[in-house]
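Taken verbatim from TrEMBL:
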{"type": "DOMAIN", "residues": "106-225", "note": "domain 'Glycosyltransferase RgtA/B/C/D-like'"}
{"type": "TRANSMEM", "residues": "28-45", "note": "transmembrane segment"}
{"type": "TRANSMEM", "residues": "112-131", "note": "transmembrane segment"}
{"type": "TRANSMEM", "residues": "137-155", "note": "transmembrane segment"}
{"type": "TRANSMEM", "residues": "162-178", "note": "transmembrane segment"}
{"type": "TRANSMEM", "residues": "198-219", "note": "transmembrane segment"}
{"type": "TRANSMEM", "residues": "299-323", "note": "transmembrane segment"}
{"type": "TRANSMEM", "residues": "335-352", "note": "transmembrane segment"}
{"type": "TRANSMEM", "residues": "358-379", "note": "transmembrane segment"}
{"type": "TRANSMEM", "residues": "391-414", "note": "transmembrane segment"}
Amino acid sequence: MGSLEPKADGRIARTVSSVRSSSRIERYAALLLCLLIIFGFDLRLRGISDVGLAEDEARKIEAVRAYRAGDITANAEHPMLMKSLILISLLAAEKLNSAFDARISDEAAVRFPNLLFGALTALPIFLLSSALFNKGIGLIAAALWSTGINAITYNRIAKEDTLLVFFMLFAFYFYLRAKQMDYRQPARKRRAYILSGLSFGLMLASKYLPHYFGLNMLYHHLVHVRERKPDELPGRTPAIFYFVMGSAFLLANPAVLLPETWHYLTSYTSEQLLTHHGYLMGERLYPNQVSSTPFGTPIYFYLLFLAIKTPLPLLAALLIGLVIIMRRWREPGPAFLLLMFLFWIVPYSLIGAKWLRYALSLMAFVYMIAAVGIAWIAYEAKRALEALTKRAARVATIALTLIWVFGPLSAVWASGPHYGLYVNRLYRGRAGYYFPHDELYDDGLREALLFVCRHAPPEATIAHETPSATRYYLERYGRTDLRARPLSAPDFSPASAPHPTFFILQRGRTYFENRAEMAEVRATAHKVYEVVIDGVTAAEVYVR
């Protein structure tokens, strides 16, 4: 497969390496990266308390409370690392609120670990892109991540995908560096393998997705990132790599050793714990569980996501980048991105269960591919302007690159703090239509519950589809007297519900088990409140 650097001959080869790091870029790369991380953190932090907790986030708070009581098996379908960091964040917020009369909300505290690690992910993206191509492309990829609307959206929710991506990219990078190093540098290679093993272990302690480990091994089996010397023996991954990976996983996730965890995981993976199912996409309700593969949500689910929720300049750069890496697929950098992109989009599109937040790991590769496309655009612009002075061509190229990278920032400014509702210009007016569950992610539920708490008489009934979030906010607003019932419960019927009953309806939480009940409520009950976010109805309150 040859060396990592693209060959010097051929127009496409020159375009891939066109935006090579000038000495000035290399000199200030660390400073620029720090600025991107700080800027990215600021974008992720803005208005973080303006969006109420989603059901999944409220379940994290319940798990953290169980941790504090000594039970580490709560929420066992996910590893411990995310919940451990949330516990630390909530404890720190309690201390700060007590000591300095601060007003750090639970919404901010529970999301803070992901805000931080999401912003810091610009670092491994830069390192990996630089190792595969050069620092110029690395900085472009880091900038796209820091300012990307989709990265920001899913870094702002308390789910495991952010930590997964952070450690996954570091694991890829350190393993790649170990393979790139000369065999006469055994100490450095060993250190890189240890750091890669540590990162893979923490990746698995973030989310149980071991196939990324397998994809890394497959890539290095197929592609040689460094030409082997004549006297060099075949390189093998040292045992210390696997030992460190396993140790890191167990230390960060000791609950996996408990029988209760395995019993829960068995029930969870066999879908015995499902109380409702279905994903409303447009006007059609689809099955959305693994057992429905491949006949669940449509196979174009994630392609539609990219088409709708990617800013158009970035989408164009992605398509250009895909063409380039497909034409240069025999080279290490393009081969890596092509393999990771294809082995993401194909299996994830076929599996029955799909959620937009899963695409956060895809977006890392999307931004890296788009960075290659932007590098090509900058190179072609430079060639076209070479008829002018070299200085004018250089300035124009830099300006074009900056515009292409930071132009989509307008989407971020316009969408915040409800970033999930962003759609590009081709689909304007369709926010919250195709993916209402993921786009809203229970945004507006807090406000609907607050309305009910303020207006419901003592011991009234409230019907909903968010048990943990409802329980949390009823406790927070001092209305634990209200009787909460899931609308999709087999033993609950709107017609026989006691009077008064307040119904909270969310389009994104339409299921096969409750769609008839939702239609009945809309037909027979009186709407008393509606939460509208950026023109999209997020939640409705009915009473009868």
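Even glycines carry a Cβ here, placed using N, Cα and C.
Counted over residue pairs separated by six or more positions, the transmembrane segment (299-323) shares at least 3 Cβ pairs under 8 angstroms with the transmembrane segment (335-352), which defines the two as touching. Within the same chain, residues 1, 132, 176, 215, 218-219, 222-223, 287-297, 299-303, 321-322, 325-326, 329, 358-359, 361-362, 365-366, 368-369, 372 sit at least 6 positions outside the transmembrane segment (335-352) and bring their C-beta atoms closer than 8 Å to a C-beta of that stretch. For the domain 'Glycosyltransferase RgtA/B/C/D-like' (106-225), residue counts in helix, strand and coil come to 97 helix, 0 strand, 23 coil, using DSSP. No contact links the transmembrane segment (112-131) to the transmembrane segment (391-414), because fewer than 3 Cβ pairs that are 6 or more residues apart lie under 8 A. Tertiary neighbourhood of the transmembrane segment (28-45): same-chain residues 21, 115-116, 118-120, 122-123, 126, 135, 138-139, 142-143, 145-147, 152, 155-156, 412, 416, selected by CB-CB distance under 8 Å and a gap of 6+ residues from either end. The largest share of C-beta pairs under 8 angstroms with the transmembrane segment (358-379) comes from 137-155, of the ranges 137-155, 162-178, 198-219, 391-414.
It is 391-414 that, among the stretches 162-178, 198-219, 391-414, forms the most Cβ pairs under 8 Å with the transmembrane segment (137-155).
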